[in-house]
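Colleague: What follows is a structure written as structure tokens; I'll ask about it next.
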Amino acid sequence: MNPNQKIITIGSICMIVGIISLILQIGNIISIWVSHSIQTGNQNQPEICNQSIITYENNTWVNQTYVNISNTNFVTEQALAPVALAGNSSLCPISGWAIYSKDNGIRIGSKGDVFVIREPFISCSHLECRTFFLTQGALLNDKHSNGTVKDRSPYRTLMSCPIGESPSPYNSRFESVAWSASACHDGIGWLTIGISGPDNGAVAVLKYNGIITDTIKSWRNNILRTQESECACMNGSCFTIMTDGPSNGQASYKIFKIEKGKVVKSVELNAPNYHYEECSCYPDAGEIMCVCRDNWHGSNRPWVSFNQNLEYQIGYICSGVFGDNPRPNDGAGSCGPVSSNGAYGVKGFSFKYGKGVWIGRTKSTSSRSGFEMIWDPNGWTETDSSFSVKQDIVAITDWSGYSGSFVQHPELTGLDCMRPCFWVELIRGRPKENTIWTSGSSISFCGVNSDTVGWSWPDGAELPFTIDK
């Protein structure tokens, strides 16, 4: 083949390759156009997903449904008008307590990222129940958990997570900087109360839907403190009790009426020889009932009830089935403070039913261990120690701690009454165990008028952790 023939042959091959490449490009363009035409045609056939979520936006609860159209999510919204929780129903009749939640936070925290906490409590809106807790700005099994037995520090914050979940950085919502706190929902928004600052001048910061709305300054300059459980709401108003003054003597106690995060009224209790701390409050038939801790001189629990105008009555639970810890053995009760083993105490609760009372208490008379619920049919007004029902919650060989009440409004349950519930803190670590930290998990129960069972639902974590060795 001479040189001219070689050139002609190579040129012909290049031309053929170029033509093939051009044909392929034209085919690619045609296929893209056809694919786009098919996709555009499918827009007339939207696929409706069954997923429905609840979100909070612009102070209005919004029901959102996602419609999947060509891989693009559009949101259709139907606003649900917010309605204030009435709070005027009576407590539901109950025969026992059904297990509601258990977070297993300490067990999971041995290998997972779980907050070091104490003072957990539960509060419910008309849509959900959340666990609130005071963190120590530290995780379990980490060096910053050292020394977290301390109650008040600038690192403590109020946070919340869905009920039954272990409190972690991944599921928790910041609420307030606080070493003492309360929270509740009025049917429209969340009210949070967080107390922080020095012992001689602490300030309570009130937030409504996450926005600061008011503050309350310590009026006795002696460790302003509040409930460590939910406040109580009815007809658009929420109510809380605060204490300022000695933990082992006469202190000052105030009831606050709060609307949309603003204090609209307060009254100081005229309660000589009474001691109120860490009250557990709930609405019942249009009034608020609070059962509290006497850290001064009572092994039975003081109570205060009041209406929306803050007109109040005070007393002590009369039953000889004593509810505090430490306490004497059950015996002769009193409608005033029972002084035997009356010093110190632990946060607790009771539910009043006419002349009767459900009493929650530790099983041990001297340490924060075990837990039980007792029904005393005459215990609110009579001083004997007889009772008719005892339900085991935590065995005496396992640690317990604080306990408190919460309620589920009819707007949440669909019942025509207020469902009584309670939570129990299960404290682990210092000062009773050989660790560098103090934390806790929690369990909760709700009252039912059907079958229940007594058992033990302990924390269950095996200590010490790696950080403790």
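Every residue, even glycine, has its Cβ placed from backbone N, Cα and C.
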Colleague: Among ASP324, ASP330, which residue does Swiss-Prot annotate as binding Ca(2+) at the site that also has ASP294, GLY298?
Modeller: ASP324
Colleague: Look at the disulfide annotations in Swiss-Prot and name the partner of CYS231 from this list: CYS184, CYS233.
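Modeller: Looking through CYS184, CYS233, the record in Swiss-Prot gives CYS184 as the partner of CYS231.
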Colleague: Could you round the CA separation between CYS124 (disulfide bond) and CYS279 (disulfide bond) to a whole angstrom and send it over?
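Modeller: A Cα-Cα distance of 18 Å.
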Colleague: Does anything in the same chain, at least 6 positions from CYS129 (disulfide bond), have a Cβ under 8 Å from its Cβ, and if so what?
Modeller: ILE122, SER123, ILE163, PHE406, GLN408, LEU412
Colleague: Can you tell me which disulfide-bonded residues out of CYS184, CYS231, CYS292, CYS335, CYS421, CYS446 are within 10 A of CYS281 (disulfide bond) by Cα, answering none if there aren't any?
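Modeller: Taking CYS184, CYS231, CYS292, CYS335, CYS421, CYS446 one by one, the ones whose Cα falls within 10 Å of CYS281 (disulfide bond) are CYS231, CYS292.
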Colleague: For the C-alpha pair, I'd like the distance in angstrom between CYS417 (disulfide bond) and CYS446 (disulfide bond), rounded off.
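Modeller: Distance between the two Cα atoms comes out at 13 Å.
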Colleague: Show me the subset of ASN88, CYS279, CYS290, CYS335, CYS421 whose Cα is within 10 Å of ASN235 (N-linked glycosylation site); these are the recorded positions I mean.
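Modeller: Among ASN88, CYS279, CYS290, CYS335, CYS421, the ones whose Cα sits within 10 Å of that of ASN235 (N-linked glycosylation site) are ASN88.
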